[in-house]
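According to Swiss-Prot, the protein carries these features:
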{"type": "REGION", "residues": "48-92", "note": "region 'Disordered'"}
{"type": "COMPBIAS", "residues": "64-75", "note": "compositional bias 'Polar residues'"}
{"type": "COMPBIAS", "residues": "76-87", "note": "compositional bias 'Low complexity'"}
{"type": "ACT_SITE", "residues": "Cys158", "note": "active site, nucleophile"}
{"type": "ACT_SITE", "residues": "Asp332", "note": "active site"}
{"type": "ACT_SITE", "residues": "His334", "note": "active site"}
Amino acid sequence: MTAADLGRYKRFVQYFWDPEPTNDTASQSPIWCLGKEYPILEKSATSAITDSPPQEGHYLPAQSLPTNEVTTPPDSTVGSLESSSGSQNCDTANADGGWPSAFLDDFEAKIWLTYRSNFPAIAKSQDPKALSAMSLSVRLRSQLVDQGGFTSDTGWGCMIRSGQSLLANALLTLRMGREWRRGVSSNEERKILSLFADDPRAPYSIHKFVEHGASACGKHPGEWFGPSATARCIQALSNSQAKSELRVYITGDGSDVYEDKFMSIAKPNHSDFTPTLILVGTRLGLDKITPVYWEALKYSLQMPQSVGIAGGRPSSSHYFIGVQESDFFYLDPHQTRPALPYKDNVEDYTTEDIDSCHTRRLRRLHIKEMDPSMLIAFLIRDENDWNEWRRAVKEVQGKGVIHVADTDPASYGLGGERDGAIDEVETFDDDDDDTILDA
């Protein structure tokens, strides 16, 4: 069977086994993608009216969020057989599924990092506990295939890839603006992707994540990462850059964000404000997300500062970037592609290399199906952004998943939690979240 025949076969199977979602909601509710609103046109007018542009810097007040819920979760999709070229062909065959083209363009512009294979080997841990920390499939692969070290992260790297995607899109927004779409400033895009090449020379490579995870987070190579370990790796790797353009604030063991601590990172010693990524690690229930948090979680993706959610799927991790009513749109890292090479000259990256980091294929998951353990991210670019974000956090309908206070009690030796913090949100530790977020 030729490669072309195999591609057609994969798309044929995918069409029936893993269908792409269509915009079949009856309420005509808008779609939100990282703080941008895409209205849904009436079907009778779609042939005569083009899609409305996204509303810049505008998001719904919490009180106006849709309250109607679908009674039956829509079909979710797990795994895929698509290739980057196959994705484009499948898109053409299925038209746009009723989705606004402006939303699809925005979705496709997001950097999508997935499992990779045939990259320089990541050495195995010599710790006797390392083998037992792996899943059975990864353990067998390490003994039968990757005997000289891990040359693929298939089966264990999904949370790392979700975290990489989150960080890459934060850098994309910071460097190129929220309005960037594919086909513009391609060299700048290549520079960002080169930071995530599957090579130890790349500062945000999977090799660097695994290295820091082993040295500081108790994670062995081949072991699943959770949101907490991923957040700590993002912070450490960003801080290790000589001229870091982005600083990182993590909430640690709770969902409380403290202004004094945040400002000490964003503008230490009262220096100029440096754009700062806020990473909130939380667990919003035991097995499923508790309904009192639904509106707040949906609202988090409507804020202009949002750069998405990593995690949130039982037995796997995804990167969520959009929401419509109670359906969340995500990029799925569970597709193994050839390693993204490291290039000294970014102009040497091929179109195929770049295309492998984008997709126009939508995936959708109802909030009822999401795992409660996750990493919620926001990019704060200046002090005005901070003030606007802090104000928006207070306007959330229902129980909030993020709380902002002026000062960190620990800074004054008080060592106490904010009153009611434990009752409001159940947070995670690595021992808990890694049993939920497999690869």
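Cβ coordinates come from backbone N, Cα and C, glycine included.
Given the structure is predicted, the values throughout are model-derived calculations rather than measurements.
Of all the active-site residues listed here (Cys158, Asp332, His334), the one with the fewest other CB atoms within 10 A of its own CB is His334. In this structure the alpha carbons, written CA, of His334 (active site) and the residue listed as 'active site, nucleophile' are 7 Å apart. Cα to Cα, Asp332 (active site) and Cys158 (active site, nucleophile) are separated by 9 Å.
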